[in-house]
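Enquirer: Starting off with a structure, shown below.
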């Protein structure tokens with residue numbers, strides 16, 4: 001789900 | 001990547017460059033809170049634990065390295081560099097920032113996206129960044145008028161997260177399943193803490209006067 005997406009923000 | 005987030009990252013980078021310029025050019029860190037700088041170093045170190053495990057882009061990796069290196073360099077400079085260290089307002093910078101660290105860590109253990117080591121530290125870094133400016137704002141209030149570079153540093157540091165708020169609104173409407181409510185709520189609190197500073201900063205700019213926060 002969305003949470004699994006790696007954190008792409010700084 | 002959208003224009004709001006890119007502008008936010010650049011504004012953040014500018015704030016760090018302005019601070020480095022102030023310390024390097026004036027060989028002084030008067031008016032700068034070492035505690036806020038230490039909190040920011042902790043924010044970057046705990047947020048970028050995925051530096052070597054998740055490769056997002058060259059830009060992402062480079063910026064993370066710049067933020068970590070610059071925040072550590074500033075803390076080192078203020079603690080070790082003889083000339084700079086002497087100008088540190090040690091007796092004014094007395095905020096008990098370890099309480100912020102403890103509180104944010106406790107909150108991160110309770111409220112996080114997933115109960116894993118990396119996610120708890122990520123949430124901790126988000127909460128800590130929201131309050132990291134407090135020692136600096138307290139020092140600002142105590143030290144009366146501040147030099148321009150310090151005022152600009154704080155202005156850009158506050159503005160970057162405001163731009164990130166626009167980025168989250170933009171992503172919410174353009175990406176199907178984008179939800180980063182921990183960062184968003186924390187970002188609102190963080191930007192809110194700058195509200196009165198922004199007000200007095202605007203007044204000083206409008207009246208072309210020195211920036212003064214009421215004691």
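Backbone N, Cα and C define each Cβ position, glycine as well.
TrEMBL does not curate its annotations; it predicts them automatically.
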Enquirer: When TrEMBL marks a stretch as transmembrane segment, which of B:32-54, B:55-77 is it?
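Expert: Checked against TrEMBL: transmembrane segment maps to B:55-77.
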Enquirer: Same chain only, please: residues at least 6 beyond the ends of the transmembrane segment (B:153-173) with a C-beta under 8 Å from a C-beta of the stretch. Say none if there are none.
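Expert: For the transmembrane segment (B:153-173), the nonlocal Cβ contacts are 2, 4-5, 7-9, 11-12, 14-15, 18-19, 22, 32, 129, 133, 136-137, 140, 179-180, 183-184, 187-188, 190-191, 194, 197-198, 201.
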